[in-house]
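Undergrad: Supplied in structure tokens, the structure appears directly below.
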Amino acid sequence: ETRRLKSVVVAVLPYVALQLCWIHCFASIGILAWGALPNEALRGTDFHARGYADVFNFQNYGSAFMLLFQVLCENNWNVTAEAYVRASCRHWLGAWVYFVLFLYLHAMLLLNVLTGAMIKLYSYMREQDDLERMSACACKAKKVELDAELGHAREHGAAGAPPGWHGSRPRTSRAATACQPASARPMSGSAGSPSAQPDPPHGGVRRAKRSRAAAPEAQRR
């Protein structure tokens, strides 16, 4: 969560810089418009009666920044605007445009963009963390499965598994025969086949003697 929050803060820094630039522009405009206005010009207003005029004014950049930040927080912004509208006399419309434009463009637009960007980035990073967690779990399960298969194969190999055994599945007789050396394979019609084995030598001699003895008898008949 901390890493995710840090990433979100870093990602929204450009939006924060944009808002600071916006406040800087309006603070400079306010100093040009009301920088020479003394606090006594605000007498008779709620803004002066509440003691705001001594702290929030356009006489310097720091006070102007604080005044606009107060308006940005919508903390009695209408009281501030009304005081400067009354002090502007015939330019009262420009004062209203200044404060309303700053409030609505900044508070209603830029702040909403900043909030939406933060929520979107936070949701995106949360989805990425969930995907990484799911991927890690899947890899761990696959590793456990492979380790189990490897251990199963090692157990069969240590127990003296037959030559036709491969992993967790026995091979067929044809596959087992194909894996044997060519010299050890039984071939049909060869000396290794029982049907093609030659008679022992003494059997052949006996048959030859019998045929020789039977030949004179056949001639006599």
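Indices start at 1 and increase along the chain as displayed.
Every residue gets a Cβ built from N, Cα and C, even glycine.
Note that TrEMBL annotation is computational and uncurated.
Sharing the record's features from TrEMBL:
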type	residues	note
DOMAIN	9-129	domain 'Ion transport'
TRANSMEM	12-37	transmembrane segment
TRANSMEM	95-119	transmembrane segment
REGION	155-221	region 'Disordered'
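Walk me through where these features lie, including what they touch and how far apart they are.
TA: Break the domain 'Ion transport' (9-129) down by DSSP state and the numbers are 97 helix, 0 strand, 24 coil.
Within the same chain, residues 57-61, 64-65, 67-69, 72, 84, 87-88, 94-95, 98, 102, 105-106, 110-111, 113-114, 117-118, 121 sit at least 6 positions outside the transmembrane segment (12-37) and bring their C-beta atoms closer than 8 Å to a C-beta of that stretch.
Beyond the ends of the transmembrane segment (95-119), by six or more residues, the same chain brings 8, 11-12, 15-16, 18-19, 22-23, 26, 29-30, 33, 68, 71-72, 74, 77, 80-81, 84-85, 87-88 to within a C-beta distance below 8 angstroms of the stretch.
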